[in-house]
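A.B. asks: Pasting the relevant annotations from Swiss-Prot:
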ACT_SITE  Asp114  active site
BINDING   Leu61, Cys62, His63, Met99, Glu100  substrate binding site
REGION    1-145  region 'Molybdenum cofactor biosynthesis protein C'
REGION    146-319  region 'Molybdenum cofactor biosynthesis protein B'
Amino acid sequence: MIDVGDKAVTERTARAEGWIRLAPEVYQRVTQGQLPKGDGFLLAQVAGIQGAKRTADLLPLCHPLPIEGVKIDCQPLADSQTIRVEARVRTTGKTGVEMEALAAVSAALLCLYDLTKMFDATAEIGGIGLLEKTGGKSGHWQRPAIAPDVAPTGALAGVFATVITVSDRVAADQAEDRSGPLIQNWLTDQAATIATATCVADEPALIQAAIQAAIAQGSALILLTGGTGLGPRDRTPEAIADLGAIPVPGIGEALRQAGRSETVMTWLSRSGGWMLEGSFVIALPGSSRAVSSGLAMLQPLLPHSLAILKGADHGTVKG
């Protein structure tokens, strides 16, 4: 059994589906509530909930989790004489609930088969699969086959952002910048507009000039990567603070918490967040892996944070 002790505790969700195809007369019995054993949809929902809760008992290497929510939907599809079952499972933990969602769908479908087999044992179960999951290091995943033709509006639509890589070696063309492009791709996925992406050496004056230029260009979000460690030239946090920026302590705490699943060295990082002239300035570590985990942590926080920085009332902002 995999040790998940070092993984970060995050909110995790999963959504799965499956279907059962019935003979026409059996389909009619189910949809009209004419089964001798009771309401087929209600019993399938109960079975699905039980399936999610007992997943760790069925699968030997699956971690037992404190399930916080299970929702089972049964959708009759008259054209194909099928019942589509969808399960949504939610928890806050160190590992995902994909198997719980799949187990819930399977249990609900098996319950429907059990309720109807006396009329027709040839009912067919199929299409069981994961639709979507969120949480953890990998963030949001959606099964490609069901991805919408038009991408939904990203969480940072309309936000102007700047990416600043802080590295002596990258600035001198002695190393490849991996974290900067990673942040840019993430911002693009969130529908943000990238005003500038630049690289500067580990010089406080250069860091400050890049930040001030970003603010002058109207960037509401300024993401820096690098210069947050214990090295003699790691001075990104000091450069930001010396501009008169107001610290947001929880950001650094959350970034280190998110990175602890990657390495214990995350506790040596001095990454953090600041408010400066109406912009949100966030200093991420230089490691691309730490950047990935940090961005996953920031994703649900940024829309609310940026709205509040613009003067929105707390009660009118979701999240």
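Backbone N, Cα and C define each Cβ position, glycine as well.
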A.B. asks: What other residues of the same chain, not counting Leu61, Cys62, His63, Met99, Glu100, have a CB atom within 8 A of the CB centroid of the substrate site?
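C.D. replies: Here the non-site neighbours turn out to be Thr55, Ala56, Leu59, Pro64, Leu65, Thr95.
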A.B. asks: Using all protein chains in view, find how many other C-beta atoms are within 10 Å of the C-beta of Met99 (substrate binding site).
C.D. replies: 22
A.B. asks: Run through the region 'Molybdenum cofactor biosynthesis protein C' (1-145) and tell me, per DSSP, how many residues are helix, strand and coil.
C.D. replies: 47 helix, 46 strand, 52 coil
A.B. asks: How many Å separate the Cα atoms of Met99 (substrate binding site) and Asp114 (active site)?
C.D. replies: 22
A.B. asks: Grab the pLDDT values for the region 'Molybdenum cofactor biosynthesis protein C' (1-145) and give me their mean, rounded.
C.D. replies: 91
A.B. asks: Quick one, of the recorded positions Glu100, Asp114, which Cβ has the fewest other Cβ within 10 Å?
C.D. replies: Asp114
A.B. asks: Report, in whole Å, the straight Cα-to-Cα distance of Asp114 (active site) from Leu61 (substrate binding site).
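C.D. replies: Rounded to a whole number, the Cα-Cα distance is 27 Å.
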A.B. asks: Please work out the number of neighbouring Cβ atoms within 10 Å of the Cβ of Leu61 (substrate binding site), leaving out its own Cβ.
C.D. replies: 8
A.B. asks: Same chain only, sequence gap of 6 or more: which residues have a CB within under 8 Å of the CB of His63 (substrate binding site)?
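C.D. replies: Non-local contacts for His63 (substrate binding site): Met1, Ile2, Val4, Ala56, Lys94, Thr95.
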A.B. asks: Could you state the whole-number distance in Å separating the C-alpha atoms of the residue listed as 'active site' and Cys62 (substrate binding site)?
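C.D. replies: The residue listed as 'active site' to Cys62 (substrate binding site), Cα-Cα distance: 26 Å.
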